[in-house]
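TrEMBL lists 499-510 with the feature domain 'EGF-like'. According to TrEMBL, the transmembrane segment annotation covers 516-536, 548-567, 573-597, 609-628, 634-655, 671-692, 698-717.
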Amino acid sequence: GLFVTDYFTRTPRKLSPFRSFASIELFHFHIPEDTVIAVWNLITFKEQGGTFGDQCPDRSITVYFRSGAPSVINPLHTHFPRDTAVPGSFALTLTWTLPNRTTGVFNVTSPLPGDWFLAAHLPKDEGKISVKGLYEECQYLFQPQLIVQRLVNIAVLYPGHVTEQSMAPHNRSCLYKVFVPSYTSRVLVEVLRCRGAEGCPLWLRVRAKAPPLHNSTTLDCREHTPCQLAQDLPFWQHWYYVLVEKHPGVLGTVSFQVTVQLTDCSRPSLARPPFLPSSTSMNMPHSFGSAGGLVLGNSPPPTSPNDTKHPVPIPVTLHTGERCWPVRPTLRNELDTFSVHFYIFFGPNVSVPPDRPAVFVINLLPVLDSGGVLNLELRLNVSSLCGENVTVFGCLNHGVPLTSGDNTSVTCETESLAGFLLSVNATASLSRLRIPYPQTGSWYLSLRSLCATEHGFEPCTNVTAEVYLRAYLSPCINDCGIYGQCKLLRTNNYLYAACECKAGWNGWGCTDNAEAFSYGFQLLSTLLLCLSNVMFVPPVAIAVRSHYLLEAAVYIFTMFFSTFYHACDQPGIVVFCIMEYDVLQFCDFLGSLMSVWVTVIAMARLQPIVKQASVLYLLGAMLLSMALQMDRHGLWNLLGPSLFALGIMAVAWTARTIRRRHCYPPTWKRWAFYLCPGALIAAAAVLLYAFVETEENYFYIHSIWHLLIAGSVGFLLPPRAKPSRRLGPLPRRKGCGYQLCINEQEELGLVDPAVASINSICTS
């Protein structure tokens, strides 16, 4: 056949250490039909500071592959919530082959068509809290590329028609496909009139949705006469691929005929008519991928010299298991993103008769519904059992309903079909099933009632069970509980939801408490972070005593909002918020930076130099508010104002030192007992904040940060300013008949009285 090669690529993205599914990078691809091979080229490289990260450590990268929906991964081996079904996926770990770059290749032969999802992440780290911009972080970038090779003009088989084929010596196989509509219970493929050098040296392989593989359903035509391969309970509304392959070593030409017969389970006594009806009645796609395509209408397909097609009656043996029952649709009601309820007509209470199953269909839209959780709930009305020991079994299958002819069977699996089993009875009247990231398409729920006897389950007589059925789509499992947050995430145009857990809880629904914080631990951490702000009371008292009222107001503001911000910022249930979280965070950050600003400006003693020093306080408040609004976690939000204030202080101190020709501050006691200890305490606080703080030790390291910063303010705040010597004239004293002119400096005691002279003695 002819091959067409398609290329797809995605933009490189920065990978993060795994904490939850919210921290992974998800990539969405679409593989076209008739693809025979898909090759993913996985490119990973390091960056540091805009250049190649040759010095960055090698960290393994794990990539997950899944068809139809995102992978449900569990690299930390946590526990899933109860009643949760975990679909499988394939994982691949990349190792580094070069200092800053590595490439991995992942091949999939005959992949399933449709949506494919790749998820990638780094291993879990120690959770260090780093200051943004302090140093150049190592970034690990991941870029997947997809190359697909697909066949064109695959021959289409029409049910009830024979296709003649002659396989030349240089050809090894012939590939066909046939479309299976709804309500088909069986696909029968047969090779007729096979003639070769050694009998019929052919292999017959059949597979749904994609070309067959070596492990697909296979039949050796040399050992089976007639060469018939049947597929019971085929997937509805899908292509089935038929591969006729030569045995190894066969050199001659092999001629044969191949035909397909579909059994309509809605009419078990009849097979599909030999003349194919229109594509509308068959629910077949209008494009078949072959050169001639299908002629719309009721006329037979065209014939060609090398591909003769004509109807041939084929006997088909039917059994009771091929009968299908009416499928009741559900009404889709979209409430929000990933919030969809499926209502049953004349429900939600449904009756399950004893002689036949009740079948329902739930349709999930492609792409839109695969990023949530499919929830199913069955509740048995015990009063409807009339005292009988009845058990209602439910089978949830994708693509086709499972209605076995054996009434006593309670399995939901076949050789080519796997489903989920639910059961309710008088003892356990409630059953739930949750499927995270379900495959889109049609899901079929088959309910049937069986009575328990000494010999097992048998069909019930004259007992119609009543079951409450609820089916809905939700973003997360139980909204992630009280210790998690359900986040709506987006990758390009694809939306999905995931839980982000807190307070040590883990798992897909934040239900794994193996590392969870106890209530006492949560209370202790909250009290430490809040009560450590009481250390600002001594700086407030010192500021008030020294007449630094503006500084005292800033310290009170910082203490108040830091206390209630940390009371609201706790990950557990010991949380108390007096305002919105964003407001508390902004005020806490602003108060912290303003405390540094006003303390350094006060140390500069600018009042004698700058007549309106309050302008600097107002200017600092406005600039800090602007900087915090731009980036609250940036390094220069802390360093910028601090360095600017320290520069002002250094200029002021230098000016005083030059004017007085003496070091300022002038006393060694001020340096030894106040400035140096305060500076050391502040430096220790900054080092703890920048290099020691992690997620595990946050509650006590950050509490120590509060204590050290507040303590350093008490040491660094300057003493009360002495009154200026340039005072105005004192009020004159009046004596009896005299007006005394008294020297003002002598009255204040600021000069030696022996040197002072009386200006004048005036008489009235």
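Here the Cβ of each residue, glycine as well, is placed from N, Cα and C on the backbone.
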Feature contact check the transmembrane segment (671-692) with the transmembrane segment (548-567), CB under 8 Å, 3 or more pairs: no
Close approaches to the domain 'EGF-like' (499-510) from elsewhere in its chain (Cβ under 8 angstroms; 6 or more beyond its ends): 19-22, 72, 74, 76, 78-81, 84, 436, 476-478, 480-481, 483-487, 516-517, 522, 571-573
Best-contacting stretch, by C-beta pairs under 8 Å, relative to the transmembrane segment (573-597) and drawn from 516-536, 671-692, 698-717: 516-536
Segment confidence, the domain 'EGF-like' (499-510), expressed as mean pLDDT: 91
Tally of DSSP helical, extended and coil residues in the domain 'EGF-like' (499-510): 0 helix, 4 strand, 8 coil
